[in-house]
Every structure is written in C-alpha cells, then in structure tokens.
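Novice: A single structure is presented below for examination.
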Amino acid sequence: MASEHQMPASKQQPASPNIAIFEQENFQGRCHELSGACPNLKDAGVDKVGSILVHSGPWVGYEQASCKGEQFVFEKGEYPRWDSWTNSRRSDSITSLRPIKVVRAPRQPLPTRQTKDSQEHKIVLYENPSFTGKKIEIIDDDVPSFHAHGYQEKVSSVRVQSGTWVGYQYPGYRGYQYLFEKGDYKDSSEFGAQHPQIQSVRRIRDMQWHQRGAYHPSN
C-alpha cells in the first residue's frame, strides 16, 4: 500500500527513524517519540503501548526488555491498536524497540552475466540447522504460502544474502513474526523461534505505507 505522494525512488532520501508511541488505543493518551533504540520502554517513561504511529522506519518491537521475546515489525504507517501489528494472540505487550536498518543492494544499469546475482532481496531457508536439508530460495518476491511453492518442510536455518525480511509462522503472513536482517541464522533459536516453523515471508521496504496497520481484523 504505497503513499499517494511519493517522490521518484531515485530522488528519495532515507529519513531518520522516528516513531510515536501512545499509551492508549487510537493515538490517545500520553505520547512518547523515539528516534533510536530503546532497550526498556518503562525506563523511558512508557507504561503501556496502546497505539503506534511510525513517521519513518521500519522498526521492530519486542515483547521483553533488551530486544528479546516475541517480535513485532512496524513499517511506516498507523497502528491504532495491538491487533493492527500482530495476530499471534500470545502477547499485546511491547517492552523494547529499535529501528531496522534497511540495506539496499546496489542496482546495476544493465543485467549482465557478471551482475545477475545483485538482487535487492535474496533469502534462502533450510529444513535443518546449519544450512542443510531441503531449501527454498526466494529472490525479489513476497511469498504468502510456502506450501503453494511446493515447500512443506520445517525451517531450521536461514541465510539472508541481501535485503531485510520478515518471516511468519503461518501462511498469509499470520502468527509469530521473525525479523531477518542480512546474515546467517544457523538454527531457529538464532531468529527467536521456539519451533522451526515458517510458512510465509515478505520483504521489508522502508517506503511502504500502512494506513491502518499490517493486519485487518475481521471484526
């Protein structure tokens, strides 16, 4: 869902991260603004997170202090209540936050044999720890269902070659969220999963705009 008033990509400059946290739903109550990582929101005077407005981002929130526990990814946009940023139903608590660094791979003027691997987003997910077993490789695409692509295995290790991604426990971008920044995750504990289950994945793009959050409750 792109903003209606975007500059051409070639002229856009990445904005400094900025997020507003409201203690009540629908952007009511005391407001606290952050422009950098906060390992404990209570130490910053935030008693409760009821709604969130991301002016520039993206960001990741955590259930526990020191960026631990369940993860919640926030892109630029409005999140009026907790079920607009998650549908895992396990927790509505956010205790720490940090900005996500979105690193773009350099674009090449022409696709050649030498530059064909310079994709902006590339991730490989493996069945077993230490990058073994069956795998699914995703390049410059969002995948709402691994099963639809013929991959029905567990995901125990992940290698992010470029871009920033968020994986989900269930198809359709539902369930627990797992942030994947560039690098290697040798087993599921390294990306914060209690069980090696990921069934959908999408790219994080800092110019994306969510008017009412990433989730749309049926009620």
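Cβ coordinates come from backbone N, Cα and C, glycine included.
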Novice: Which of these ranges is annotated region 'Connecting peptide' in Swiss-Prot: 102-120, 178-196?
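Specialist: Going through 102-120, 178-196 one by one, Swiss-Prot flags 102-120 as region 'Connecting peptide'.
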Novice: According to Swiss-Prot, which stretch among 25-37, 142-154, 207-219 corresponds to the feature region 'C-terminal arm'?
Specialist: 207-219
Novice: Would you mind telling me which of 2-16, 77-91 Swiss-Prot tags as region 'N-terminal arm'?
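Specialist: That would be 2-16, the stretch labelled region 'N-terminal arm' in Swiss-Prot.
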Novice: Quick one: DSSP breakdown of the domain 'Beta/gamma crystallin 'Greek key' 2' (57-101) into helix, strand and coil?
Specialist: 3 helix, 20 strand, 22 coil
